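In what follows, a single structure is set out as structure tokens and then discussed.
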Amino acid sequence: MQLFPVMLATLCIVLQLLIGSSALATTNRHVSNSHWLPAVATWYGSPNGDGSDGGACGYGTLVDVKPLHARVGAVNPILFKNGEGCGACYKVRCLDKSICSRRAVTVIITDECPGCSKTSTHFDLSGAVFGRLAIAGESGPLRNRGLIPVIYRRTACKYRGKNIAFHVNEGSTDFWLSLLVEFEDGEGDIGSMHIRQAGAREWLEMKHVWGANWCIIGGPLKGPFSIKLTTLSAGKTLSATDVVPRNWAPKATYSSRLNFSPVL
């Protein structure tokens with residue numbers, strides 16, 4: 001199937017040509033309210049399943065294995081933010097004391113819920129995560145309720161033993177490079193992404209294509225590549241030097257040696 005990489009490349013070309021507000025802008029950036037806020041929650045998939053099968057963020061099979069396994073969720077556009085909310089982490093807790101646990105569950109945003117509420121914050125959780133909102137023995141009855149009121153707040157992402165990694169998307173070439181960001185501690189979201197080629201001093205802005213995917217068109221692009229990330233919420237910056245090697249390959253993942261601090 002070559003349609004997906006072709007679509008990514010087309011989107012990247014269109015975005016390169018657009019002139020408008022840059023994703024670099026850091027004014028008015030702030031981490032989402034750390035206080036508990038009201039929302040609603042539903043669940044999807046099998047009762048004890050992982051939920052998403054990849055999702056609109058583009059994480060693919062990562063959602064099926066630890067550390068994302070059974071911790072993923074979809075959100076409505078309020079928190080999805082056209083894909084820039086991908087990777088953010090939230091604590092979610094339900095409210096009915098007769099059936100709900102006092103403990104909150106941690107949810108990693110990996111998908112968008114197009115059928116969810118457009119006006120109020122809505123989490124669509126995996127069956128496994130939704131069940132963990134209940135006290136012991138009440139997971140089934142809680143799932144039977146379908147839609148429940150919850151409270152949520154932003155929390156720091158923590159991928160123990162993991163550093164930020166960059167997955168080279170299928171179809172990438174020396175003239176079109178698309179990267180997916182994985183395992184970002186702290187805020188978890190990306191506001192802008194820049195790339196620096198071998199022997200260069202200039203950082204080139206990458207374009208946000210969709211989900212957690214970013215791209216650049218130019219050519220020929222020469223590795224190794226250094227990558228600079230700026231978080232969406234607070235504008236924190238991190239640079240991974242020569243993280244993508246000279247002989248990089250499509251569908252390969254390259255881990256850095258660093259990560260953001262696992263705090264907000």
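Just so you know, glycine gets a Cβ as well, placed from its N, Cα and C.
Between C157 and the candidates C89, C94, C100, C215, Swiss-Prot records the disulphide bond with C89. Within the set C86, C94, the cysteine that Swiss-Prot bonds to C57 via a disulfide is C86. Per Swiss-Prot, C100 makes its disulfide bond with C94 among C94, C113.
Under the DSSP three-state reduction, C100 (disulfide bond) is assigned to strand.
Checking each of the disulfide-bonded residues C57, C86, C94, C100 against C157 (disulfide bond) by C-alpha distance, the shortest gap belongs to C86. Long-range Cβ neighbours of C100 (disulfide bond) (same chain, at least 6 residues apart, Cβ-Cβ under 8 Å): R93, C94, L133, A134, I135, L142.
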